[in-house]
Amino acid sequence: MDETLLPAIGVEILIPACALVAIAFALVQWLLVSRVKLSPHGLDSAANDGGAGKNGHAEYLIEEEEGLTDHNVVLKCADIQSAIAEGATSFLFTEYNYVGIFMVAFAVLTFLFLGSVEGFSTSSQTCTYDPTKLCKPALATAIFSTISFLLGAFTSVASGFLGMKIATYANARTTLEARKGVGKAFITAFRSGAVMGFLLAANGLLVLYIAINLFKLYYGDDWEGLFESITGYGLGGSSMALFGRVGGGIYTKAADVGADLVGKVERNIPEDDPRNPAVIADNVGDNVGDIAGMGSDLFGSYAESSCAALVVASISSFGINHDFTAMLYPLIVSSVGILVCLITTLFATDFFEINDVKEIEPALKRQLIISTILMTVGVALVSWIALPLSFTIFNFGTQKVVKNWQLSLCVAVGLWAGLIIGFVTEYYTSNAYSPVQDVADSCRTGAATNVIFGLALGYKSVIIPIFAIAVCIYVSFSFAAMYGIAMAALGMLSTIATGLAIDAYGPISDNAGGIAEMAGMNHRIRERTDALDAAGNTTAAIGKGFAIGSAALVSLALFGAFVSRAGISTVDVLSPKVIIGLLVGAMLPYWFSAMTMKSVGSAALKMVEEVRRQFNSIPGLLEGTAKPDYATCVKISTDASIKEMIPPGALVMLTPLIVGILFGVETLAGVLAGSLVSGVQIAISASNTGGAWDNAKKYIEAGASEHARNLGPKGSDPHKAAVIGDTIGDPLKDTSGPSLNILIKLMAVESLVFAPFFATHGGLLFKI
C-alpha cells in the first residue's frame, strides 16, 4: 500500500493544535463580548473614554441620542439577565443530578454486559475480523468502553452547560448593544454563538484524540479492540444529549405555551411583557432547550460519526497496516473544519458590516455558503496529504479497493447535501418566501385553516431533503461502502463550529428581545431585536435540518458497523424476525413523539392555570403596579421537565437492550432500520411545520409588507389564529422534532456498543 504524505508526527501536532487554536479563538471572542459592560460604572467609563469606538466622540453623541446613558435601563437589564442565568443554572444542576444517577447505572450495565461476553476472562481472545491473530480480552473492552462512555457523557454535559453559560452572559449585552444599532447587536450575538461553537468543536475533538492516545498505551497493535472500545464515547455523548434535548424541550415549551396562551391570546399583552408571570421561565427555557440541549445533540452527532468511521477504518487497510495518519482521517477532517470555520466567522464579525435589518439573514446564509466552499477545498487537500493513493475499506466481509479522491468526494457530497437541506429548510420556514406567507394568509379564516396549511407545508418540506440524503447515501456507499457514509456524515458536521454559532445566535437574540421588552426600552430597540430574532428562527430551523440530515447518515453508518460486529452477513427483509423489527422500529418515533408532546401539554396545562391564577388573584398585576411571582412558574417548568423526561428517555435506552436480549441481532437490525426510515421523515416535517407557524406569526406582527399589514396588527383575529398555530408548533419544532434525531442515532450506537453481548447471549426467545 502507498504511504501518506503527512507523517504520523504531523497528525499528532495538527489535531491538538487546531483544537487549541479553536479554544484560543473562542476566548478572544468572549473577551470582545465582555467589553460590553453591564454596570452603570462600566457605562460611564465607556462613555467618557475619548477614543470610545471607531468614531470616538461622535459615537458618544449617538449614545446620548439613543438614551444610552440611562443607568436605570442598564440596571434593569442586569437584574433580568441574572434572573434568567440563575433559573437556567438551577434547572441544569437539577437535571444533571438525575442524569448523573442514570449515567453511573448505565456505566455499570455496560461493564457487566460486555464483560460477560467471555465470562469476565482476562486471557487474550481470537480477533473478530482476523481469526489468525489474538486480541485483548473482552474484559478490557468492557472496562475501556465504560471509561469512554463516561468521557462522552461528561463532555456532552460540559458542552451543554458551557453553551448555556455563554448565552446567559451575552443576552443582556446584545440588548444594550441594540441601542447603538442593529449591526452592533448582531455582532455581539454572533460572537457569543461562535464562543459556544468553537469550544464545543474543540472539546469534542480534543477529548476523543486524547482518549485514543491513552487507550493506545494499553491496546498497542490491537486497533480493532481499541476503536471498538472508543464507540462508548459516542454512546455517552448521545445518551446525555437525549435527556438534555427532551428535558430542555419540555421546560422551554411548557413556559412558552403558557406565556403565549394567557398573555397574548387571553390578556392581549405583548410577548415578553414583564407583567406575564411565565416570562422569566420562557426566557430560561430558550437557554436550557435551544442552547444546552442543542449543544449536547450536535456534540453527540459529531462523536458518533467519528466513532462509526473509526470502527470501520480499524478493520480496513488503515487499521490492518497500522497507518496512524490515514486511521485518524476523520479527526483530521474535523481539525481542518475548525480552521475553515474560523476564517468564515471573520466574514460575519470583521470583513462585512451590517447596517440594515435586511442584511442580517443574508449575512447568516453567507456563513453557510463560505464555510461549505472553503471546506470543499480543505477536504480535497486533506485527502491528498493524509490518505494513501489507494487503500481497502471493509465492506461486509470483503475488502473494497478505494482511491483517495473517491473518499474526498464522499465527504464533499455530505457537505453539500447539508447545505441543500439547510436551504430547503430556509425556503419552507423563512417568512421571506411564499410557503410561510401562504400559511400566514390562511390565518384570515381562523386557526383551523392555519393548522391545515402548516401541516401540509411540513409534509411537503420532507421531499427534497430525503432525496438529498438518498443521493448522498448512494454516492458515498458506491465509493467507499459504510466508511463512505460515515465520512459523508462527518462532512455534514465538519463545519459544526459555524453551524453552532448560527444556531446559538437565535436564542441569544430571542432573549435579548425579551430583556428589551421587560426593561421597558423604546419600540425601536424592540424592532431591532425582533429582526435579529426572526433571522434567528430561520437559522435555528436550518440548524435542525443539518442535525436531522447528519443523524440519518450517522445512524446508517452505525447500523453498518453494528451489522458487521454482530456477524450478520445480510439483513433479509422477507425474514419474519426482520419484518417484525421493521414494523416496531417504524412505530417507535410515533410512540416517542406522543410521549414528548403529551409531556409538553401536561406541563403547559399547569403553567396556564398558574398564570391565570396570578392574573386573577394578584391585584394590580395587569395594570403594572404589582410584580408577578416568577419563581413559581420557573418551578412548574423545572419539576415537570425533570419528571417527564424519564419515560421517553427510558423508551429509547431500553428498546435495543430488550430487543437484542429477547429477539436477537436480526430483529434488532430491523428495529434500527425501521426507526431510521420513519424517524427522519417525522423529524423534518415536525421541525419545519413548527418553524413555519412561528415565522407566519412573526410575519403578521412585523407588518413589513402590504399583505402582512392587511392581516395584522397584533391582537387582530388573523394574528390570534397565527399565535394558536405557533403554540401548536412549539412542541413539534423544539421538543419532539429535534429529539427524534437523537432517538435514531442513540439506538444505533447503543446496539453497536452491545453488539458482542447480543451476538453471544441474545435472542433468548428464539432459543427456547
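Don't overthink the numbers, they just go from 1 along the chain as shown.
Heads up, the Cβ atoms here are built off N, Cα and C, so glycines get one too.
Bear in mind that TrEMBL entries carry predicted annotations, made automatically and left uncurated.
The transmembrane segment annotation in TrEMBL covers 13-33, 96-117, 137-164, 185-212, 299-320, 327-348, 368-394, 406-425, 462-486, 546-568, 574-592, 651-673.
At the 8 Å Cβ cutoff, the transmembrane segment (368-394) and the transmembrane segment (137-164) share fewer than 3 close pairs (sequence separation 6 or more) and do not count as touching. Sequence-distant residue pairs (6 or more apart) of the transmembrane segment (546-568) and the transmembrane segment (96-117) include fewer than 3 whose Cβ atoms are under 8 Å, leaving the two stretches without contact. When Cβ-Cβ distances below 8 Å are used as the criterion, the transmembrane segment (406-425) is approached by residues 329, 333, 365, 368-369, 372, 375-376, 379-380, 382-384, 387, 461, 464-465, 468-469, 471-472, 475-476, 479-480, 483-485, 487-495, 541-542, 544-546, 548-550, 553, 687-688, 691 of the same chain, each at least six residues removed from its ends.
Among residues of the same chain six or more beyond the transmembrane segment (651-673), those with a C-beta under 8 A of the stretch's C-beta atoms are 106, 239, 242, 555, 559, 562-563, 566-568, 571-572, 575, 577-582, 584-585, 588, 591-592, 595, 742-743, 746-748, 750-751, 754-755, 757-759, 761-766.
Within the same chain, the transmembrane segment (185-212) stays apart from the transmembrane segment (462-486): fewer than three Cβ pairs sit under 8 Å, each pair at least 6 residues apart. Outside the transmembrane segment (299-320), and at least 6 residues removed from its termini, the chain residues within Cβ reach (under 8 Å) are 1, 129-130, 152, 155-156, 159-160, 200-201, 203-204, 208, 212, 223-224, 226-228, 230-231, 233-234, 236-238, 240-241, 326-327, 329-331, 334, 391-394, 399, 481-483, 486-487, 489-490, 493, 496, 547, 550-551, 553-554, 557-558, 560-561, 564-565, 741-742, 745-746, 748-749, 752. Sequence-distant contacts of the transmembrane segment (574-592) (same chain, at least 6 residues past either end, Cβ-Cβ under 8 Å): 648, 651-652, 655, 659, 663-664, 666-679, 682-683, 736, 739-740, 743-744, 747, 766.
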